[in-house]
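Novice: What follows is a single structure, and I will ask about it in a moment.
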Amino acid sequence: RALRLAGGRSHCEGRVELEQEGTWGTVCDDGWDIRDADVVCRQLRCGRAVRAHGNATFGRGHGPILRDEVGCEGHERHLWECPAAPEHDCSHKEDAGVVCSEHQAWRLSGGRDGCAGRVEVFFRGTWSTVCNSTWYDTEATVLCRTLGCGDMLRRPAFRHTLPGKMTYLCGSLQPSLAQCHWIFNKSAPCYQSWAAGVICNGTGS
C-alpha cells in the first residue's frame, strides 16, 4: 500500500495516488481538506500540508478511484487509516491533490527568458532569493538542468529583493537542489551575500 504525489514540480506536491494490490489509483476530492492533506505530507516526509487541492489541479489521473469522502483527523500515520466511503460517484476530474511545506520549486527572474536571471525558490508557501555565498558551478548546473535549460554559462550576482533567503550546497551533481544540503532563513551563511543568479546555455519556454 504505497503512496505518491504525481503531476507536481517535486515529490512534495501533486495529485494523490495510492497503490492497492499492484494498481495505482487516485482519491476523490469530496470532503478532501487540510487534515487529510496533512496525513499525506507527513507520510511522505514532506512536512505539513500548505494546501489541499481538488478538481484535478495537478491533472487527471488514471486507474481506479480508491478513496472518496476521506475523513482524517490529522494524527493518522497513513492515509489508509482514515475513514472513507466504500463506494464513490466520482470521476478523475475530481482528483485530490496537495502542496506540502517541504515542496520546493525554482524560477529565474529578470533575465531575457526562463533560463537566465536571479534565482528564486518557492518554499513553505513563499518565494525567496538564494544567497550566493555557496553558489558555485555545481549548484548552478543542477538548477539549469532541473529547469530543462542545459548547462551553466555564467553566475551573475543580483541584489536580494525578497524577504526569505535560501542557501544551497551540493557536494555533487544532484537531480535537484532539494537533494543538496540547504538552509532556510539563517542569517550567518547569507551575511553580506548577494542574490544568486545564473545564465544557462539553453533557452527557456
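Every residue, even glycine, has its Cβ placed from backbone N, Cα and C.
Nobody curates TrEMBL annotations by hand; they come from automatic prediction.
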Novice: Determine, on the basis of TrEMBL, the cysteine among Cys72, Cys90 paired with Cys82 in a disulphide.
Specialist: Cys72
Novice: Measuring CB to CB from Cys72 (disulfide bond), give everything in the same chain under 8 Å that is also at least six residues away in sequence.
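Specialist: Same-chain residues close to Cys72 (disulfide bond) (Cβ under 8 Å, separated by 6 or more) are Arg35, Asp36, Asp38, Val39, Leu79, Glu81, Cys82.
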Novice: Which one, from the disulfide-bonded residues Cys82, Cys170, Cys180, has the smallest tally of other C-beta atoms lying within 10 Å of its C-beta?
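Specialist: Looking at the disulfide-bonded residues Cys82, Cys170, Cys180, the Cβ with the fewest others within 10 Å is that of Cys82.
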